Protein chains: 4
Amino acid sequence: MRYLTSGESHGPQLTTIIEGLPAGMPLIDSDINEELARRQKGYGRGRRMQIEKDTVQITAGIRHGYTLGSPVALVVENNDWKHWTKIMGQDPLSPEDEGEVKRKISRPRPGHADLNGALKYGHRDMRNVLERSSARETTVRVAAGAAAKKLLSELGIEVAAHVIEIGGVVSGKRDYSSLKELKEVTEESPVRCLDQDAGQKMMDAIDSAKENGDSIGGVVEVIVEGMPPGVGSYVHYDRKLDSKLAGAMVSINAFKGVEFGIGFEAARKPGSEVHDEITWDPDKGYYRKTNRLGGLEGGMTTGMPIVVRGVMKPIPTLYKPLQSVDIETKEPFSASIERSDSCAVPAAAVVAENVIAWELASAIVDQFYSDRFEALKASVEQQRKFAREF
Amino acid sequence: MRYLTSGESHGPQLTTIIEGLPAGMPLIDSDINEELARRQKGYGRGRRMQIEKDTVQITAGIRHGYTLGSPVALVVENNDWKHWTKIMGQDPLSPEDEGEVKRKISRPRPGHADLNGALKYGHRDMRNVLERSSARETTVRVAAGAAAKKLLSELGIEVAAHVIEIGGVVSGKRDYSSLKELKEVTEESPVRCLDQDAGQKMMDAIDSAKENGDSIGGVVEVIVEGMPPGVGSYVHYDRKLDSKLAGAMVSINAFKGVEFGIGFEAARKPGSEVHDEITWDPDKGYYRKTNRLGGLEGGMTTGMPIVVRGVMKPIPTLYKPLQSVDIETKEPFSASIERSDSCAVPAAAVVAENVIAWELASAIVDQFYSDRFEALKASVEQQRKFAREF
Amino acid sequence: MRYLTSGESHGPQLTTIIEGLPAGMPLIDSDINEELARRQKGYGRGRRMQIEKDTVQITAGIRHGYTLGSPVALVVENNDWKHWTKIMGQDPLSPEDEGEVKRKISRPRPGHADLNGALKYGHRDMRNVLERSSARETTVRVAAGAAAKKLLSELGIEVAAHVIEIGGVVSGKRDYSSLKELKEVTEESPVRCLDQDAGQKMMDAIDSAKENGDSIGGVVEVIVEGMPPGVGSYVHYDRKLDSKLAGAMVSINAFKGVEFGIGFEAARKPGSEVHDEITWDPDKGYYRKTNRLGGLEGGMTTGMPIVVRGVMKPIPTLYKPLQSVDIETKEPFSASIERSDSCAVPAAAVVAENVIAWELASAIVDQFYSDRFEALKASVEQQRKFAREF
Amino acid sequence: MRYLTSGESHGPQLTTIIEGLPAGMPLIDSDINEELARRQKGYGRGRRMQIEKDTVQITAGIRHGYTLGSPVALVVENNDWKHWTKIMGQDPLSPEDEGEVKRKISRPRPGHADLNGALKYGHRDMRNVLERSSARETTVRVAAGAAAKKLLSELGIEVAAHVIEIGGVVSGKRDYSSLKELKEVTEESPVRCLDQDAGQKMMDAIDSAKENGDSIGGVVEVIVEGMPPGVGSYVHYDRKLDSKLAGAMVSINAFKGVEFGIGFEAARKPGSEVHDEITWDPDKGYYRKTNRLGGLEGGMTTGMPIVVRGVMKPIPTLYKPLQSVDIETKEPFSASIERSDSCAVPAAAVVAENVIAWELASAIVDQFYSDRFEALKASVEQQRKFAREF
C-alpha cells in the first residue's frame, strides 16, 4: 500500500489517494469522520478547531460501502477557503490584486519549517512554506489511517493511543484491563489520559502555559493488540517493522523521538530484566510472560501487544516572543503571535494512532495475499493458526 | 542511492552492492577497513572479535582508486567459514553428512529473532534464522556506511559518534571544542566515551555485568557537522529527513528507540526553552543560537549540527538463564550460553555512525546533481552559497 | 517525481496527486486544459467525447501561477456524475435502492479487463472492474503529463506525437522541417497525420470499420527534441531510460507494443545500416549523422531526437458481436454494443505524448538538482555545456 | 522481490544479490549453471564465449539446497581477471604502473554506450563506461532469472524462448505441440529456431554477415505457460504486468522494441480479428478460443500463454568501419575491430527468457503470500481454484 497527500492549510482542500487496499473491504465515510472528529478534540486547542468541522468526501475507490480494489481518494475541504481565494489562489494575480495580496511573509518563526523551507525552495514569501508544513496536513494522514484502522479492525487487530506525559506531568496509571477499557476512559478525558488525577494536572499545566504565553509538549503511547506474529522481517534492514514504525512516528509534525517497550530504560537495566521469557500453552501457542520489548523482536511482531511511544515538542508558536530575523531587512525581531494552541498532544495521540495503523495495515497487505479482502482475512487467520500449531 | 546486503554469520562471506554512488569519487579499501576495525573494537566484546579481523575486498565499481558510477560491490569474508562448510553448506547434504549435521536448533533464545523468524519462515531449525538475524550483518552495513562517510567527508561533512550511557552510567561531559577533538578522545576510550571518569565507571559496570552473567545496554549519540541547510523536505511525510534517520537508527540490531536534539526532554520543557532562536551574520548567513532541536526542523537540516541518539538494549545472550520453550518437545528450558559479549554499545556507536552517514549521503545524492562527483561538490557548494546569501 | 491517480469512469471525479515538481515553475490551468481538449478530439470518437468537456481544477500545490514545491493535485469532474449517484454511490444502498440498482454486469466483454479483473478481485458485478479499467483514467494521466510537458518546455525540450498508421493505412510522410511544423500540421488533421492523403484514407478506413460494426487500431509516434545527452543510465538495468519509456507506453490502455528508432526493422538490416555514426562540430559538440536508434543508446539519451512508437489494438467494444460467457449462468452470449468509438488512435497519440513527457520530466528531475526550478534550469544548461565542451 | 547486480566485464567477478525469495524453496547451483551454459551457446559468437565457462558460486541465502528467506548472493568469476589486475585494479596506480596502464580509450564506438556514458559521468577514459555497459552483465541477470525460473517451475509455470527472425530470415514454424517440445527442438538448434530450414538460413545469414565484416540482429519470442489469471492489475498504470514485461525486455542490452501477442499486427487488423472470444468449460473454467493478445488483457494475465517478443539490433562492433570522433583530438576515425560476435540473438533469447521469468516470479511473490514456499504454492493453487470455480 502507498498513499500521497496534497493540500495547503488555507487552500481549497486536502486530498489523499490510497493505492493498494484490497477489494471488498467495508469502508464508509463515518469510519473516517469519526477519526477526523477525534483529531479535532483535546484540551488546549485554539480557535481553528472550532471553525473547521472536518468531514470527508470519498471521490473514488468505494462503491456501495465496499472498496473496489482501485485507488481510494479522500477529500477534506477547508471551510474557510472562501476567505483565502485571493491570497492562496491558483491563478496569477491581476495587477490590482497584486497590491492587495502583496503582504509577503518575510519573518521566519523559530521551530517551524519556515526558514529551512525558504532556503531549500527559494521562497521569499514564507507563506509558500508554512501553508504546507502546517500540521493541518495530518488531517488527511488521519483519513488514510482511518481506512487502515478499519482494515485492521476487520482482522481483529485493535489500535489505541493515550497520552502519558504533558509538560512534565506523567501519568501514573499504565495498566488497563482491556484495550476497550483504555479506549473508553481516554476518549472521555480531555487530554486522553488514563490516569484521571494526572489528567487534571496536565490540564492545569496547559492552563498555566497559556497564561505564561508559553506552550508544552508531551509523550503519547500507541498500543496495538492482535497482530499475528512474524509481520516484518529480520532478513534485510529496510524490512524491519520497528524501523518503519519509528520512521512513521517521527514523520508526524513536531515529533522528536520514538521508543518501543521499555525504550530508553533499556540502557539502565541488565539484560535479565529486559528480555521477555518465552512460554507455551496448547491453546495459545507461544507467548511471552512479560512485554518489555513492546511486541517487536528482530524487526518482527511477536504476537504480544505492540507498544510504541513518541515525544512531541511544544508548539513553536508562542505569545512569549522568540527572537528571529527578517529575511528582507536582516533585522532581528521578536516572533510572537496573538493566539494559538498551547498544547496539541491529545490531538497528536490520535494522529499517532492512525499513522501507526497505516504502517501495520500496509505491512499486512504487503505480506499476505490481499487482492480480495476475504482472502486476506483467511490468509492472516492461516498464519495465526500456523504459529499456534508450530 | 540504495544498497542490498547478503550473508549469514557462519556462511562464506558478507556482501553489499551499493548502487548510485557518483562517478569520480575517491574510494579505496583502507577507507572501509578503518571503519571495519573500529566496529570490532570496544570493551566488553567476546572472543569472536579476536577471530575475525574483517577486511574488505572491492569486487566492482572502483578502478584505480575512484568510483566508476557503476554499482560498488564490497565483500567481507568470514574467516572461520572453513569450519562451517558442512553445517552451512549450500549443497544438499549426502545421507552420511545428514547424520553429522543433524543437530537442529530447536530452542529459541528470548530477545532474539529466533522464534518469530521460525514462525514466519517455517524454519524448524532455527539456525536458519539466527545466521541472518545476527549482528554480524552490521559488518557490511558499516562497509556501505564507510563509502557514505567518505562521500560526506569530501563534501566537508563530518560524522562522529560517542557513547553517552552504559548500564545506567551517564557521561557527564557532552561539550567538545571540535568534532575532531571528540573523535580523537573517544577513539582512545575503550567505551568511546568523552568523559574519562564516566568511561571508567562504564567499564566497571561491564565487568560487573559479566561477573553476574548478565549484560548491559546503553545510549549512543551521533553528531554530524557541515550539512547544508534544506536537505530533506516538509512537503511529504516520507521525505522528512528525521523520519529516515529514525528508521535507520531503529533498524540497527537491538536498538529500541531514537531521539533528536533534546529528544524526550522536550516533553518536560516549555516551548520557550525548546525552540532555537534564529539569528543572522553577514558572513555565515542564518544560524541558530542554540541547537536544542538537533539540527532538524520541519524534516529538513537547519545547517546546525545534527544530533541523534539511539538506545541499545542489553545483548540477549546471557550466562544467567532466561526461560524459553523447545519447539520440538514444547518443554521449558533455561536458555543460557557459555560465552558472549556482555556489552556491545561501543561497537554499536560505530554502526550508528555509519548507518546515519548512509542516510545523509543518500539524501544528498538524491537531492543534488550527482552523476559526476565534481558536479555534486559544486552543486552542494552552490546551495551553501545560496543559503548564505538568501 | 511520482504520481497516483484515482477515479472511476462514472464516479464523481478523477484526481491525480503529483509529488516532486520543483518549486517556482510556472503552471496554470490552461496549460493542462489545452492537453485535455486535445485528448478529446479525433476522428472516430463516439458520443461521450461530446458530453464531457474536461477541465481541470487545481486543488493544491500551485499559488498565483507557480508551483510551491508541495504536491500538486489536479481534479477533473465527470459531468454526468449526477446521473450515476445511485449506481456508483459511495454509501451502502438502502433496501429500496438495492432493487433499482441491482442490474449487475455479469457478461465480460472480450478484450477488456472485465473477466481477469473479476477473477482477481472477486467482483461478481463487473461494473466494479470496468469503471476503473476504462480509458477514462487516461484523462488524469494526460493532466499529469501536461505538467511534465510544461516543465520540459521551459527547459527547451519539445514533445510531439503523430499518427503513422491506422487500420493498415500507413503515413507516407515522416519528414518534417521542424517539430513546430509537425505540431501545426497534425493539430489540423482529424487523425493527427502529417500526410494529408494518408490521413484521408485513414478517415475512410474508420468510416468503413464503423459501417461494418468493427473497429481499427494503429501506430502513434512520439518525438522529443532538446533532451540533454546522458539522461538515463547504463549502470543498472532498471535505470535505463528506454526501459522506462517502453514500460510507460505499454501501460497505456490497449497498447500492445513499443519500438525505438527503426525498431523491429533492426532485425532485418545489417549493423552497418543500423548504427549512427558519430561526428563533432566546434559549436554543437558531438552529434550523430543519422538517428536510426531513436535518440537512445545504452539506456541514455544521445542528444538526438527521441523517436518512440506504440501500437494500439482496435477498441474491443464492437457492434459486431464477439462470443463470451455469462459468469452467472455460464451461458455463452454475443457481446455487442449499441454505440462506441470505432477508432481511438488520434486521442491515444495525445495520451502517448503526455505519458512519455512524464517519464522524461521525471528522469530529469531525478537526475538534476531540482528543488528550485531556476536551479534545475541552470543544472540542465550546465550539463548541455559540459557535453558540448567535452 | 528485488535484485541488484554489480561487476565490470574485465573485473574480478559479477555479483547479484536477490532479496525477497520465499524460504524453503529448492535451489542449487546446477539450476543456475544450466542457464549460464545456455546463455553461452549459440551460432555466431566470438572467442570470449570459449574462454569463459561461467559457473556460479552461491555465497548467501541458501543452505543444504533450500532458500533461507534471507538474501541470496550469486557470484560468477571472470576467468581472465588475472590478465586484467593492473588495467582494472581497484587500487590507485603506482607511478611506474601509471605509464604501463595509461592507454586510455578515447574513441567512442557508434551504437555503444561509450560516448553518452562519458558525457554523463565525465569519463575521459571510456573503458570506465564500456566495462559496465557490456552485455557481460547479462550473465548475472540470467543467474537471477534462473532462480526465478526455478520458482515458477515449482509452481507449474514454464518459460521458454525461441528465435523467430535473424537478419531478415523469418521462422516459418510457430506452432508447437507442447512447450516441452519447443524447448527440446530449439535447444538442439544452434540458433534456437523451431523451424529447421529457417534455422539453416539464419546460420547462412550469420556466416555471410561475418564475411562482410558486418553483424545482424533478430527477434526472439518468450512463451510462458501456466500463469494463474489475474496476476498484474488494471487499477494503477504502474501495476500493469505487460508494462513491467515491456520495460524488462527493453532493458536487455541492444533491444529496441517489444510486442505482445500479435503486437504491431494489431494496427492492421479489425477488432473482430484481434480480440479473443471467451468460453467456459466445467473443468477448466474460463478460457479463450484464440490467444492473439498474448495472454495479457487489462495489464493482467488471462491464464492463456504469455507471448512476448523483443527485437535485438545487430551488434554494433563491426569489422566494417563506422565513422566516429576521438574525444581527445576531435579527429574523425574509422571504428572497426579485429574480432567479435557477428550475431548474439540466440544468446539473447536465453537472456530474454530469464529476464521475463524474473518479472513474473516477482509479480507472483509480491501478489501472493510468500514467506514460506509451501504457503506460496498453496496460495497460487487457491487462486487457480477460485478462478476455475468463479
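Glycine too: its Cβ is placed from the backbone N, Cα and C atoms.
As recorded in TrEMBL:
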- D:ARG39, D:ARG45: NADP(+) binding site (BINDING)
- D:87-117: region 'Disordered' (REGION)
- D:ARG132, D:SER133, D:SER134, D:ASN253, D:ALA254, D:GLY298, D:LYS313, D:PRO314, D:ILE315, D:PRO316, D:THR317, D:ARG339: FMN binding site (BINDING)
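With DSSP states grouped into helix (H, G, I), strand (E, B) and coil, the region 'Disordered' (D:87-117) comes out at 11 helix, 0 strand, 20 coil.
Sorted by the number of other CB atoms within 10 A, the binding-site residues D:SER134, D:THR317 start with D:SER134, the lowest. Set side by side, the binding-site residues D:ALA254, D:ILE315 differ in how many other CB atoms lie within 10 angstroms of their CB, and the most is found at D:ILE315.
Residues from the set of binding-site residues D:ARG39, D:ARG132, D:ALA254, D:ILE315, D:THR317 situated with their C-beta under 8 Å of a chain B C-beta: D:ARG132.
Ranking the binding-site residues D:ARG39, D:ARG45, D:LYS313 by C-beta neighbours within 10 Å puts D:LYS313 at the top.
Every protein chain shown contributes to the tally, and the Cβ of D:ARG132 (FMN binding site) ends up with 29 other Cβ atoms within 10 Å.
Chain C comes close to D:ARG132, D:LYS313, taken from the binding-site residues D:ARG45, D:ARG132, D:SER134, D:LYS313 by a C-beta to C-beta distance under 8 angstroms. Each residue contributes its Cα atom, and for D:ARG39 (NADP(+) binding site) and D:THR317 (FMN binding site) those atoms are 19 Å apart. D:THR317 (FMN binding site) sits 12 Å from D:ARG45 (NADP(+) binding site), taking the CA atoms of both as reference points.
Nearest neighbour of D:ARG45 (NADP(+) binding site) by Cα distance, taken over the binding-site residues D:ARG132, D:ALA254, D:LYS313, D:ILE315: D:ILE315. When secondary structure is read from DSSP and collapsed to three states, D:ARG39 (NADP(+) binding site) falls in the helix class. Classification of D:ALA254 (FMN binding site) by DSSP places it in coil, neither helical nor stranded.
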